[in-house]
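Trainee: Starting off with a structure, shown below.
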Amino acid sequence: MYSIKTDHKLMPRERLIRLGPEKLSNQELLAILLRTGNKEKHVLELSAYLLSSLDSLADLKKFSLQELQRLSGIGKVKAIEIKAMLELADRIQIAGQAVADPVLSSAQVAEKMMIELGDKQQEHLVAIYLDSQNKIIEEKTIFIGTVRKSIAEPREILYYACKNMATSLIVVHNHPSGLTKPSANDYHFTEKIKRSCDYLGLICLDHIIVSKHGYYSFREKSDLF
């Protein structure tokens, strides 16, 4: 259970200024984001209440906007601010993981994409375009929804490859189920995109399936490459 601060003489904002953000508790940091409490709860009590409803801090990402609003004291505005904060934190983490050096392995790409796609509740199909030195030119989300619908036509993947004048590409998609074992459709799609790349003189380096818990690389584990 998160403790509730009883000394309100030095509020979280003042403590952050004096001590730095790393010295504040999760309760205090969340209180700064919430800004105000309500008629029933002081802002520190409200942040403690929200945190006490979680098994771990990471569970905060699992709340939908509607679920946050249903929590006592968390209205629409506060729920929106929390979701925006979580999304921004994700983007900062992703930016920090950006691959500036050459891509050297499927495991390197998989680790990056597990962070980006591991928690997604819908399937995302992403293409990573590389230059002749295996440096990333662009990472493009091609499709969100049901990957099967995108399997029929790899033309959009190839369009951006040509637009970026890429030498090679890596295709990644996630399995929200958490299981990374490829389906028959995944095999069919891999064969199709590889043939299409060969036809255009592009190199398809890999097709990687990721989840929160791991990844499957067709290059590492199948005979398609």
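The backbone N, Cα and C atoms fix where each Cβ goes, glycine too.
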Trainee: To which of Asp186, Asp198 does Swiss-Prot also attribute binding of Zn(2+) at the site defined by His173, His175?
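Mentor: So, going by the record in Swiss-Prot, that would be Asp186.
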Trainee: How many other Cβ atoms are found within 10 Å of the Cβ atom of His175 (Zn(2+) binding site), counting all protein chains shown?
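Mentor: Taking all protein chains shown, His175 (Zn(2+) binding site) has 23 Cβ neighbours within 10 Å.
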